[in-house]
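Peer 1: These came from TrEMBL, pasted as-is:
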ACT_SITE  Asp129  active site
ACT_SITE  Asp145  active site
TRANSMEM  69-89  transmembrane segment
TRANSMEM  96-113  transmembrane segment
TRANSMEM  139-160  transmembrane segment
Amino acid sequence: MTSRTPLGKAAAGTIIAVLAAIVLAADQFTKHLAIDGLPPEEPVKILGDVLVFYLIRNSGAAFSLGSEVTWVFSIALAAVAVVIVFLATTRVRSRVWAILLGLLLGGVLGNLTDRLLREPGFGVGHVVDFISTPWMMPAIYNVADIFIVTMMIGVALLVFTGRHLDGTREPKRADDDVDADVTEH
């Protein structure tokens, strides 16, 4: 158990909702700026080859995979959003979990908004991607993607370090005392 006081349901829900709204707004605002200010499918070097803006509309997932099953991504994003909201209202009492899940939810909602509201139609809309860092990875992504990926890494770290949604920690296990038991008998 940690010495920090667990968050109440309302506090955890508020943190998640506020952060999700901020990320969603930032994602949609930057996509709006990209659509209005960038030429489609033409690279615009911002910092040489370190940061390039390249406006595309992606019907698939990462690396444009699955472009023929866009509706599957819409359902998956909606399911993730529902799970996060469920956890927020029932289990999350940890400030760090609330922050990570709020930022993750904002990213999920950013791309889900595109899937639901952008062309070619409801549930099969294309996600607006415009950020490219060729030195790091051969992908074009957006603000929502950045939050989804980094928050999933954060979630994995919390899981692997035994930090529970309620703010408690997995008790540290001592090394197996097999050798000690063998030598004592």
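Each Cβ is built from the backbone N, Cα and C atoms, and glycine gets one as well.
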Peer 1: Does DSSP put Asp129 (active site) in a helix, in a strand, or in coil?
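Peer 2: In the DSSP reduction, Asp129 (active site) maps to strand.
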Peer 1: For the transmembrane segment (69-89), give me same-chain residues lying six or more residues beyond its boundaries with a C-beta closer than 8 angstroms to one of its C-beta atoms, as numbers and ranges.
Peer 2: 9, 12-13, 16-17, 59-61, 98, 101, 104-105, 108-109, 111-112, 115-116, 123-126, 165
Peer 1: Between Asp129 (active site) and Asp145 (active site), what C-alpha distance do you get in Å?
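Peer 2: Each residue's Cα considered, Asp129 (active site) and Asp145 (active site) end up 9 Å apart.
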Peer 1: What same-chain residues, at least 6 away in sequence, bring their CB to under 8 Å of the CB of Asp145 (active site)?
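Peer 2: Same-chain residues close to Asp145 (active site) (Cβ under 8 Å, separated by 6 or more) are Ala62, Gly107, Asn111, Asp129.
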Peer 1: Suppose we draw a 10 Å sphere around the Cβ of Asp129 (active site). How many other Cβ atoms does it contain, all chains included?
Peer 2: 23
